[in-house]
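Enquirer: The following block contains the structure, expressed as C-alpha cells.
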C-alpha cells in the first residue's frame, strides 16, 4: 500500500504544478498547494512514525539502534575518512555557503533521492571546501561543486544521477564535470571513480527500468546486449553512456527488439498503441530529461536501426552455451533422458 513518502517531490496530477504536493502523515492524505485539491487519501502511515500502543521499551531501543546504524550510502562515506583520519574531524567543522546547501538540497528533493545521499554529498562538499580554505584558495562556482558532490554520492548509493538529468533539474549549472574532476583529484577518489564508472551503466539501467515499472529480469540482460550493439555502430560513437542507456531502453520498448532474437515472440503491450513521441515524453518526465534531447537521440538511432540490428545479431545470444535437444537421438533405457549436444558457435 502507498504511503505519503511516495508522493514527495512529485508534480500535481491535476494542475501539473511543480513540487506542490503537501503530505499529511496523520490523516494519510496528500493535497496540492496550488489547486487545493486532494490528490490521494487513505494512505498507509509510515511504519517508522506510526503509533503503536503495544510497543515496549525494547522496541523503542531497537528502533533507535536501527536509525543509528549506517546504511549502504553512509557506510560508503567511511571510505573517505578512512583514507585520511583527520579529514572527518576537520570537515565536520566546515560551514558551507547557503548557496551550495540550497542547490544540493534542491537537486536532492527534485531527484527524489534517499536522505543518506544528501548527507554523503554534504560530507564530500565539506571535505573539498575545507581543503581549499586551508590552502587559502577560493571555491568557484559553488552550485556546480554542490551538484558534482551529489552526483558522486548518488553513484555510490547505486542510484546514478546523470549529467543530463542534473541540467534538466537545474538549468543554471555550468561545467559540472570539471568541478567533479577537481573533487576527485582533491579528495584522492581516483580508485573509487573508476569503480563507479564501471558500474554506472548497469545501475542507471536498473534505475530507469524501475522508474518505468518494467520487469528487471527481462529488460536488463536484453538492454545490456543492446548497449554492446550500440557501441559497435560508428554513427552513434558521439553518444554518452547515459544517452546509450536511454537509447537501449527505448529501443527495447518501441522497436520490438525482443523479437529480434530467434524463436522469441512478445505480445503487444499498451505502449504499442501509443505513438513513439508519447513514449519518449513519458520516459522523459519520469527520468527528468529534456524531451527534445531524447527525441533527437532516438531519431538518430532510428535512422541507423538496420546497423543496430546487424550489430545486435553479431553480439550473440544473451546466455552462452545454450543447450538444445537432439531430435535424432533416442532416450536412454536407464534414465529415459535424451542426449543433448551443445550448439556450435
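Placed from the backbone N, Cα and C atoms, the Cβ positions cover glycine too.
Straight out of Swiss-Prot:
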| type | residues | note |
| --- | --- | --- |
| ZN_FING | 8-40 | zinc finger |
| BINDING | 12, 15, 32, 35 | Zn(2+) binding site |
| REGION | 59-89 | region 'Disordered' |
| COMPBIAS | 71-83 | compositional bias 'Low complexity' |
| REGION | 318-345 | region 'Disordered' |
Enquirer: Show, in sequence order, which residues other than 12, 15, 32, 35 on the same chain lie with their Cβ within 8 Å of the centre of the Cβ atoms of the Zn(2+) site.
Expert: 13, 14, 16, 17, 20, 33, 34, 36, 37, 39
Enquirer: Among the binding-site residues listed here (12, 15), identify the one with the smallest other-Cβ count within 10 Å.
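Expert: Sparsest of the binding-site residues 12, 15 by Cβ contacts within 10 Å: 15.
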Enquirer: Check the binding-site residues 32, 35 for other C-beta atoms within 10 angstroms of each C-beta and report the one with the most.
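Expert: Max Cβ neighbours within 10 Å, all protein chains included: 32.
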Enquirer: Reduced to three states, what secondary structure does DSSP give residue 32 (Zn(2+) binding site)?
Expert: strand
Enquirer: Mind tallying the zinc finger (8-40) by DSSP state, helix then strand then coil?
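Expert: For that range the per-state counts are 0 helix, 11 strand, 22 coil.
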Enquirer: What mean pLDDT does the predicted model reach across the zinc finger (8-40)?
Expert: 80
